[in-house]
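This report refers to the structure that appears directly beneath it.
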């Protein structure tokens with residue numbers, strides 16, 4: 001009974017959790033990804049520079065990451081369900097207050113800070129609880145859950161463009177905030193895994209004679225989820241540090257293309273309706289990349305860190321080629337390549353983190369990883385915006401993103417080398433020593 005309960009179900013109600021996480025990803029990350037549609041509108045309304053306006057997205061991304069360890073800690077002390085519901089309410093508040101649009105500082109505080117905190121409190125526990133429900137199928141489950149970002153972004157692109165044209169960017173923010181309240185519904189569906197174990201244990205109490213340790217089973221079942229503390233000492237592990245540095249550099253790049261893709265298309269003279277379709281193309285191929293890579297990773301043919309290194313190399317190549325586009329067709333093609341390889345990257349990077357630290361420390365690692373990665377997400381968009389302002393061309397931002405990703409791949413290679421060295425060392429230490437008996441003894445007897 002105990003062994004059964006302590007293992008992840010790898011199915012059953014876990015698929016309901018995956019669908020809920022799928023929706024949460026769509027209502028958080030997809031909104032952040034398509035926020036570039038508001039970039040030009042807000043910039044023109046307040047008559048600000050691109051670097052100044054990009055701080056809205058930068059604050060959102062930074063708080064999204066900074067709030068991750070807080071969300072992880074709250075999941076340890078309370079439940080994933082409670083934190084997700086809180087996140088939904090915060091996300092709604094950020095968009096609803098952003099509707100007022102008082103000034104740029106107000107936008108930083110509402111659609112930046114509150115929205116970022118809401119996304120963090122929703123995204124972090126949603127992706128975490130999926131990993132708790134699955135073990136053998138973890139890569140596939142994470143890929144399906146993360147694909148919600150793409151599925152929603154596919155429709156959010158033209159839908160948000162229509163909302164802006166009909167109700168203005170302020171009215172669109174208010175409506176989007178109302179839609180994000182559905183995060184709370186998804187949170188209700190995220191049943192804590194420990195509760196199901198305790199329920200089974202209590203049911204078995206009627207079949208277990210008194211004194212056989214029914215209460216002990218309750219304690220053991222509850223411990224994997226509820227009796228935990230946040231492990232800050234992960235920062236002392238070289239493998240985690242290397243992966244965190246990779247995360248910083250990757251975050252500096254990941255949020256730049258969606259932010260500047262729309263302004264780049266405008267600078268090429270592409271119509272607004274066609275520009276919105278670029279975001280749909282991006283979401284569609286991103287969706288395909290996540291599912292395909294998740295399925296492939298689930299086959300366990302290639303080591304996940306090798307797969308991630310390969311996808312990072314391909315996405316950086318795509319970003320370097322994307323600025324070469326000079327019309328809608330070429331821009332759509334390069335956007336498709338970028339989106340597909342981005343999807344394959346996102347599909348496995350959480351699984352790699354779980355492989356690096358192990359599941360007992362996964363909640364803590366996820367929170368710390370997001371916290372450390374926040375520096376990249378915070379600096380990336382403003383740095384790209386500054387480069388764009390200096391160069392006078394949105395293409396410069398894409399070159400910066402591609403170069404940073406190339407650098408991040410180097411840390412993945414170093415991480416893999418370190419893991420291989422430790423594996424070889426552990427194999428050497430556990431290799432049985434040559435026995436001196438009985439043959440050497442027999443040899444001595446013959447000599448005598």
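Glycine too: its Cβ is placed from the backbone N, Cα and C atoms.
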Stated TrEMBL location of transmembrane segment, expressed as one of 331-353, 423-445: 331-353
Matching range for TrEMBL feature annotation, transmembrane segment, among 217-239, 240-262: 240-262
Under 8 Å, at least 3 Cβ pairs, sequence separation 6 or more: does that hold for the transmembrane segment (365-384) versus the transmembrane segment (55-77)? yes
With pairs fewer than 6 apart in sequence excluded, do the transmembrane segment (112-133) and the transmembrane segment (172-190) have three or more C-beta pairs that lie under 8 Å? yes
Take the transmembrane segment (84-106) and find every residue of the same chain, 6 or more past its ends, with a Cβ under 8 Å from one of its Cβ atoms. 24, 27-28, 45-46, 48, 52-53, 55-56, 71, 74, 112-123, 125-126, 169-171, 173-174, 176-178, 180-184, 186-188, 190
Please indicate, using numbers and ranges, the residues of the same chain that are 6 or more beyond the transmembrane segment (274-293) and have a C-beta under 8 Å from a C-beta there. 30, 33-34, 36-37, 143-144, 146-147, 149-158, 160-161, 258, 261-262, 265-266, 307, 311, 328, 331-332, 335-344, 346-348
When each of 12-35, 55-77, 240-262, 396-415 is checked against the transmembrane segment (331-353) for Cβ pairs under 8 Å, which one has the most? 240-262
Count the Cβ pairs between the transmembrane segment (12-35) and the transmembrane segment (240-262) that lie under 8 angstroms and are 6 or more residues apart in sequence, then report whether there are at least 3. yes
